[in-house]
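Down below is the structure, laid out as structure tokens.
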């Protein structure tokens, strides 16, 4: 016994151990290389704990691949829906919208990829190194996006990789009465996907020469007892993306034509699939018989509407020993949508202690799958616009040029976008502007200029322009797509600045989490805004003054008002302006403008004449007040201002310049204030 132990443990130097050799003792011990050969180690069976760890790693990798398959399936499904909704022939009519092309119709361009004729609304001009412009239809543009987002451009040349099947775990179980078949009791950590079965050609390549199809009944219950190796999802994605995303099956509960392409519609489809119950486990027959290639009735899925209709997806045979025979209904969606071809083949069955299939994953796992899909959060689109501040006329011009790649909001994979502008702080209907709505497009071209009047240099220093892109819905609420914001103090006067910015989700305006001096400045700025809040809510008025020597009197022009306060319940006002030259000159001292219905930015362009000597004008003051007209009750006061010698600031300067420069019209913007006033009647 002692000799056996001594022979088994030898010193690394292959020499006998000497007790007085300290250097050899410091070198340590090692296992004799002849004690356990590689062949003996390979024949040893793995323990149940090791198999559990391996199965968990495989299941976790499969879960990530399944989520990736679903994400790519949604992208390709949206592309196929766009292909099904074509309305023209691509020759005389636009392939997308069906609009007439030619001399009597719209101008047409030829798609670079599909060589079909499209109108300029449905075509997108792409940048290229070629001297002539390159146009793509929206279908081909979407197909290129699918290639980029699915990784097909990368996996096209990616080498094949194989993940092993989970290993059966042997547990000591009580003996069952004779005649009762052994049931599958041990669940796997994660459900398996039948779409991972390899194609028939791959199986024949991996099968040794001379081996016939059928289960291997002589294999020992260990490493060789599990099923054949399967293909990775990346390999299948590569093969399908190389065929221009064709042959994908639309087995999302019957058809995808009625399913919305919005994220909410996708999540509803996922939850419906996850709610389906899993079929009960089927007892394993003994001994197992070879599986026939013919699929059972009702297992063949309908081929997708791609350009290769002959490519169909078959469900795996319903043999109890087949690894993917019992699977949740949710996997029916994952397999075909991922574009796999599960060709019928024979496989070595599991042993009688093979693990059973788990029920569908819980809602938390479904939410994880949705959160893993990051495309919906990053494809809001880009907006191209330009800004110009005309300092002389106190005018801010915002030209909305175009948007590209907007997020699809309608069931047809398109949107009805429009752009609206707000000035912050104090966003309201009074400072909201919007463009027209363009129908059924994700790449709208507006080329529309929106103007803000009465924007002073002070406004440019403390205001922010919010530009939002929304989708118009005739039968419901308009949906928000994305927005961007620009601080006007960064804009130089009389210099146009162009922007091409990616849209973002709603940006919070609260200054949360600021500390120290930054927090102090934030509170100071908010306090300043609150102090002038009453002034801003009243609005502004553009007034022109000119003393005419020919007519011998003062000509007052009321041009427009902007950003007036809303006085009616509908969020608007019915404004008019009243003039009163003080001290009282009788009835000829009072004038009124016309009433503008339901607006907060009225444009009057009216002039009024006061017959007065130039020497007497210095003793007078002009009271200007803006009112909201109401029927059956007293009018509401919005705001006013007073020009004259007793005024201050810009009002005094305006009055003084009028007296100094005869026969010269001088225009100034004035802030409306909640001053003391008399009745408008």
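Note that Cβ sites are derived from N, Cα and C of the backbone, with glycine treated the same way.
The C-beta environment of residue 119 (Zn(2+) 1 binding site), restricted to residues of the same chain at least 6 apart in sequence and closer than 8 Å, consists of 94, 96, 97, 99, 101, 105, 106, 107, 108, 109. Annotation comment: Swiss-Prot describes 94, 97, 119, 122 as Zn(2+) 1 binding site.
Per Swiss-Prot, the feature Zn(2+) 2 binding site maps to 111, 114, 137, 140; the stated evidence is sequence analysis. Sequence-distant contacts (6 or more apart, same chain, Cβ under 8 Å) of residue 137 (Zn(2+) 2 binding site) comprise 95, 96, 111, 113, 114, 116, 118, 122, 123, 124.
Positions annotated as Ca(2+) 1 binding site by Swiss-Prot, on the basis of experimental evidence: 409, 410, 471, 473, 479. Under the three-state DSSP scheme, residue 409 (Ca(2+) 1 binding site) falls in the coil class.
Here Swiss-Prot flags 410, 416, 471, 472, 473 as Ca(2+) 2 binding site, drawing on experimental evidence. Taking all protein chains in view, 17 other C-beta atoms sit within 10 angstroms of the C-beta of residue 410 (Ca(2+) 1 binding site).
Annotation source Swiss-Prot lists Ca(2+) 3 binding site at 526, 568, 574, 628, 629, 630, citing similarity to another entry. Residue 568 (Ca(2+) 3 binding site) has a Cβ environment of 13 other Cβ atoms inside 10 Å.
Spatially close to residue 636 (Ca(2+) 4 binding site) yet at least six residues away along the chain are 567, 573, 627, 628, 630, judged by Cβ distances under 8 angstroms. What Swiss-Prot records for 568, 628, 630, 636 is Ca(2+) 4 binding site, and it gives similarity to another entry as the kind of evidence.
Annotation source Swiss-Prot lists compositional bias 'Pro residues' at 278-296.
Taken from Swiss-Prot, the feature compositional bias 'Low complexity' applies to 347-356.
Confidence over the domain 'RabBD' (40-157), given as mean pLDDT on the 0 to 100 scale, stands at 81. Look at Swiss-Prot and you will find 40-157 tagged as domain 'RabBD', backed by sequence analysis.
DSSP assignment over the domain 'C2 1' (379-501) gives 12 helix, 61 strand, 50 coil. Under the heading domain 'C2 1', Swiss-Prot lists 379-501.
Among the features that Swiss-Prot reports, omega-N-methylarginine is placed at 223.
Per Swiss-Prot, the feature phosphoserine maps to 271 (among others).
Per Swiss-Prot, the feature phosphoserine maps to 679 (among others).
Residues annotated as phosphoserine in Swiss-Prot, with similarity to another entry given as evidence: 680 (among others).
What Swiss-Prot records for 1-21 (among others) is region 'Disordered'.
If you look up Swiss-Prot, you'll see 162-375 (among others) marked as region 'Disordered'.
Across the domain 'RabBD' (40-157), DSSP classifies residues as 58 helix, 18 strand, 42 coil.
When Cα-Cα distances from residue 479 (Ca(2+) 1 binding site) are compared across the binding-site residues 140, 472, 568, 574, the shortest belongs to 472. In terms of C-alpha distance, the listed binding-site residues 140, 409, 416, 472 place 472 closest to residue 568 (Ca(2+) 3 binding site). Within 8 Å of the centroid of the Cβ atoms of 410, 416, 471, 472, 473, where the record puts Ca(2+) 2, the same chain has further Cβ atoms from 409, 415, 417, 437, 470, 474, 478, 479.
Long-range C-beta contacts of residue 574 (Ca(2+) 3 binding site), restricted to its own chain and to partners at least six residues apart, with a cutoff below 8 Å, comprise 568, 595, 596, 597, 598, 599, 628, 629, 630. The number of other Cβ atoms within 10 Å of the Cβ belonging to residue 94 (Zn(2+) 1 binding site), over all protein chains shown, comes to 28. Annotated pair residue 416 (Ca(2+) 2 binding site) and residue 473 (Ca(2+) 1 binding site), C-alpha to C-alpha distance, rounded: 8 Å.
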